[in-house]
Amino acid sequence: MKAAVIVFPGSNCDRDLAEAFRAAGADVTMVWHKDSDLPKGVDIVGIPGGFSFGDYLRCGAIASRSPICSAVVEHTKRGGYAMGVCNGFQVLTETGILPGALLRNAGLKYICKTVQLKVETSNSAFTSGYNAGDVLGIPIAHHDGNYYADAATLDALKGEDRVAFTYAENPNGSQRDIAGVLSANRRVLGMMPHPERAADPGHGGTDGAAMFRALVGVLTPA
Amino acid sequence: MQEPAITPELVAAHGLKPDEYERILEIIGREPTFTELGIFSAMWNEHCSYKSSKRWLRTLPTSGPQVICGPGENAGVVDIGDGQAIIFKMESHNHPSYIEPYQGAATGVGGILRDVFTMGARPVASMNALSFGLPSHPKTRSLVSGVVAGVGGYGNCFGVPCVGGEVRFHAAYNGNCLVNAFAAGLADADKIFYSAASGVGMPVVYLGAKTGRDGVGGATMASAEFDDTIEEKRPTVQVGDPFTEKCLMEACLELMATGAVISIQDMGAAGLTCSAVEMGDKGGLGVRLDLEKVPVREKAMTAYEMMLSESQERMLMVLRPEKEAEAKAVFDKWDLDFAIVGETIAEDRFLIMLNNEVKADLPLSKLSSEAPEYDRPWVPTPAAKPLADAPEIDAIEGLRALIGSPNYGAKNWVFEQYDTMVMADSARTPGAGAGIIRVHGTKKALAFTSDVTPRYVKANPEEGGKQAVAEAYRNLTAAGALPLASTDNLNFGNPEKPEIMGQFVGAIKGIGAACAALDMPIVSGNVSLYNETDGSAILPTPTIGAVGLIADTAQIIPQAVREGDVALLIGETKGHLGQSALLAEAFGREEGDAPAVDLAAEKRNGEFVRANYARLNACTDLGDGGLALAAFEMAEAAGLGVTLSVATTAQLFGEDQARYLVACSAEAAKALAEAAAKAGVPVAEVGRFGGKTVSLGGAAAPLAELSALYRGSFAKAVA
């Protein structure tokens with residue numbers, strides 16, 4: 001499997017995401033935001049956490065106008081896979097690839113801690129390594145992770161089984177406890193928690209590793 | 001623009017004493033220009049010149065086989081084996097944080113991160129030691145929320161994990177909070193960058209953010225006491241931009257890898273002045289600057305303003321001329337300003353030009369090497385009277401008094417606002433002794449701690465100074481780490497008062513003795529004096545930041561207390577209650593002497609713990625709150641109760657030094673007792689972990705109830 005991890009100025013989880021992919025067996029290329037094309041033959045694009053462009057204007061807004069993001073939109077339109085973690089999720093909603101928006105946490109403070117995440121569906125390349133109902137310990141680290149969408153969108157996400165993860169205890173005010181959502185074709189995942197920070201025994205938890213393993217399993221040609 | 005005439009009032013407003021001004025006249029043989037006066041004021045203030053402290057700082061142990069570079073550079077450099085080095089320093093941003101908490105704290109973090117990556121290291125860990133006034137004081141809540149948000153706002157965006165720190169409250173900080181920021185970075189030992197310029201005619205290059213009028217005179221402000229005109233000083237606080245700093249760090253590290261950098265210095269206190277003088281002075285060269293080439297973000301800035309601006313996220317470098325194009329390409333990639341603003345010259349001159357007009361022309365070496373130095377009069381702190389009538393208290397009531405106070409309650413409210421896991425190498429996040437990060441791509445790990453007990457230092461500066469180092473040693477040891485080296489952030493009141501200077505001298509003696517005995521040389525540091533408001537000084541607070549090495553992550557002592565584990569106390573208990581946390585929190589008394597520190601016992605007991613790491617399920621150092629608080633915290637973290645068999649107030653809450661509490665199996669306890677007998681280390685079984693009750697001597701309470709108190713007290717006090 002070939003993965004591309006996008007690097008914006010201000011990305012600070014790019015290395016961590018790349019290493020989680022690599023540990024699962026992927027071949028990873030780092031791609032600078034000023035590039036206008038993805039490397040040839042990329043199976044999945046990873047958009048990492050951090051503070052792209054300092055979170056100025058609106059989290060993810062400036063990054064979503066970067067040259068590389070046009071290529072990412074094209075890639076997903078062609079049915080390509082992508083995952084955005086934390087700031088990457090914010091970028092994906094700003095590009096319109098995923099619905100909704102991430103607002104400031106309800107408590108108005110930045111929160112960093114390990115939370116309990118409930119797997120809502122195993123029906124995706126990202127979550128096929130889990131069973132629906134599994135509870136995972138995965139860290140969050142964000143100031144703007146409060147998922148918002150209008151009622152019709154939320155109903156549709158639920159109806160189409162596109163809510164990937166929910167919080168067992170809602171830390172940030174997200175509607176319907178949503179922590180991660182899938183695109184309509186189930187090939188794009190955006191999530192606020194950081195699975196790449198729970199992918200190695202040295203992290204203190206490995207509940208996120210199954211996501212990267214499952215992706216490599218699905219996307220590696222037999 | 002007409003520059004103001006040099007009057008005694010103007011000289012005084014620059015924080016220069018009449019005799020210091022006389023010295024200036026002597027050095028240059030004429031009246032200084034306005035810009036020159038500003039330059040002298042920037043270089044000779046306490047913050048930049050260390051004029052009151054230098055004499056004493058020289059007495060500290062700063063060398064050892066592990067030390068690659070001691071004090072004097074941007075940060076200290078310590079060998080961690082395999083050709084790698086850890087580069088670290090701690091620095092205060094007290095005055096700015098009190099005036100403008102968010103930006104003051106944020107730029108404190110930004111400054112210390114710059115000190116680390118200036119030397120070629122990628123920052124991998126940070127800590128913050130914060131001291132505030134009483135929670136009931138009207139300013140405290142806004143200071144706590146602003147400072148914590150500022151620390152988080154900068155560090156989180158920059159992307160460095162916070163792995164530890166301290167938060168304390170005491171009335172002595174009501175008018176003067178302390179914000180001490182620590183940062184550490186990793187680099188290859190043969191790829192460290194220093195500030196000394198070399199070569200004549202080399203381009204002096206300005207990098208990073210543009211220069212504005214913010215922070216003009218900041219270092220001078222930070223060298224004065226506060227009074228009721230404090231609000232007027234708000235414009236001297238800088239505004240931070242962590243995004244630019246992150247880009248600056250990435251760009252600097254990329255540039256360093258090209259081999260273009262001869263020397264580099266960040267622009268911190270006193271900005272362009274201090275950085276240019278430092279590079280010239282260390283290299284024995286002069287520097288010429290053409291200020292019209294400096295990237296500015298405001299119109300019509302004067303030479304005075306440009307030389308004294310403390311705008312953040314800026315660097316000065318001396319580059320190899322043939323690499324200029326390569327260097328510019330790196331900075332264009334990161335969209336950062338890059339301008340050649342001057343050159344190195346052979347004469348001992350600091351020549352400042354603006355549009356071909358000479359604005360300052362000073363002998364460069366006199367600005368730094370020959371800055372004033374004082375042997376301030378000092379009086380030894382009178383010996384503290386031993387504690388009379390030590391109180392008795394129901395042990396659970398005593399524990400409640402501690403864990404119900406924001407000083408000893410859980411600090412999650414603070415730490416959860418910091419990214420403690422970015423870079424994905426954090427092996428232990430804040431809240432339980434030393435923080436630990438893995439050294440990326442190796443089996444090694446590093447432990448970090450920051451410690452001081454200001455009550456002790458006030459009662460007995462020398463023992464208190466020793467204790468700060470000893471506690472750091474124990475915290476590193478309890479994580480399984482070999483203590484390597486330290487950094488000191490010395491926060492005191494007005495050094496012109498002999499009793500304050502006496503505290504300083506006493507603390508330095510204690511710190512020096514402990515660093516020598518425990519082999520933890522001081523490799524970097526910072527002095528913050530004049531921490532007084534309306535004549536009332538803070539508690540003397542010499543914060544010690546320390547780093548330890550764990551050769552293999554398998555040697556980390558876990559924090560995995562198990563049901564049925566034996567509670568074993570290592571070290572000798574005498575029951576010292578003078579200046580204890582119990583006395584302060586439960587009885588409102590700060591009396592008695594600080595506990596004595598036996599450095600030989602510290603070393604012996606520490607070596608014993610490290611040698612026996614494999615037998616321990618958990619280990620903690622005993623400090624504030626003694627055995628009772630340590631046992632509660634260790635049990636609570638595991639969701640277990642604990643039963644201690646010792647019963648007296650002095651045994652439970654005494655703060656004797658050189659002690660550890662460990663949890664281990666009954667089998668391991670037996671083996672430890674045998675090993676301890678051989679090593680001459682006192683060991684005593686004091687109880688068992690398990691169940692859901694906390695039982696201290698005869699008194700008992702449900703774990704759940706105490707846990708709720710412990711986890712809620714901080715937010716209740718300040719949120």
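We count from 1, first residue shown onward.
Backbone N, Cα and C atoms are what each Cβ position is placed from, and that goes for glycine too.
If you look up TrEMBL, you'll see B:His47 marked as active site. B:His47 (active site) counts 26 other C-beta atoms within 10 Å of its own C-beta, drawing on all protein chains shown.
The active site, proton acceptor feature in TrEMBL is assigned to B:His93. In three-state terms derived from DSSP, B:His93 (active site, proton acceptor) belongs to neither a helical nor a strand segment and is classed as coil.
Feature annotation from TrEMBL assigns Mg(2+) 1 binding site to B:Glu91, B:Asn526.
Around B:Arg114 (substrate binding site), a 10 Å sphere centred on its CB holds 28 further CB atoms from the protein chains shown. Taken from TrEMBL, the feature substrate binding site covers B:Ser92, B:His93, B:Asn94, B:His95, B:Arg114, B:Gln238, B:Glu310, B:Ser311, B:Gln312, B:Ser528.
According to TrEMBL, the feature Mg(2+) 2 binding site maps to B:Asp115, B:Asp266. The number of other Cβ atoms within 10 Å of the Cβ belonging to B:Asp115 (Mg(2+) 2 binding site), over all protein chains shown, comes to 27. Secondary structure at B:Asp115 (Mg(2+) 2 binding site), as computed by DSSP, is helix.
For the domain 'Phosphoribosylformylglycinamidine synthase linker' (B:14-51), the residues of the chain that approach it from at least six positions outside its boundaries are 3-4, 6, 8, 57, 217, 219-220, 222-224, 269-270, 273-274, 277, 302-304, 307-308, 350, 352, 359-363, 366-368, 370-374, 495, 527-530, judged by C-beta separation under 8 angstroms. As annotated by TrEMBL, domain 'Phosphoribosylformylglycinamidine synthase linker' applies to B:14-51.
Look at the domain 'PurM-like N-terminal' (B:72-186): DSSP puts its residues at 45 helix, 42 strand, 28 coil. Positions annotated as domain 'PurM-like N-terminal' by TrEMBL: B:72-186 (among others).
What TrEMBL records for B:200-350 (among others) is domain 'PurM-like C-terminal'.
Positions annotated as domain 'PurM-like N-terminal' by TrEMBL: B:434-550 (among others).
Applying DSSP to the domain 'PurM-like C-terminal' (B:562-691) sorts its residues as follows: 54 helix, 24 strand, 52 coil. Per TrEMBL, domain 'PurM-like C-terminal' is recorded for B:562-691 (among others).
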Of the recorded positions B:His47, B:Glu91, B:Ser92, which sits closest to B:Asp115 (Mg(2+) 2 binding site) by Cα distance? B:Glu91
If you measure from the Cα of B:Asp266 (Mg(2+) 2 binding site), which of the binding-site residues B:Arg114, B:Gln312, B:Asn526 is the nearest? B:Arg114
How do the residues of the domain 'PurM-like N-terminal' (B:434-550) split into helix, strand and coil according to DSSP? 44 helix, 42 strand, 31 coil
Please list the DSSP helix, strand and coil residue counts for the domain 'Phosphoribosylformylglycinamidine synthase linker' (B:14-51). 26 helix, 0 strand, 12 coil
Quick one: of the recorded positions B:His47, B:Glu91, B:His93, B:Asn526, which has its CA closest to the CA of B:Arg114 (substrate binding site)? B:Glu91
In the chain carrying B:Ser92 (substrate binding site), residues 6 or more apart in sequence that have Cβ under 8 angstroms from it: B:Gly108, B:Leu178, B:Val179, B:Asn180, B:Ala181, B:Asn489, B:Asn491, B:Asn526, B:Ser528
Quick one: Cα separation, B:His93 (active site, proton acceptor) versus B:Glu310 (substrate binding site), in Å? 13
When DSSP is mapped onto helix/strand/coil, what comes out for B:Gln312 (substrate binding site)? coil
Do me a favour and check the Cα-Cα span between B:His47 (active site) and B:Gln312 (substrate binding site); whole Å is fine. 17
Quick tally, other C-beta within 10 angstroms, B:Asn94, B:Gln312, B:Asn526; top of the binding-site residues is B:Gln312
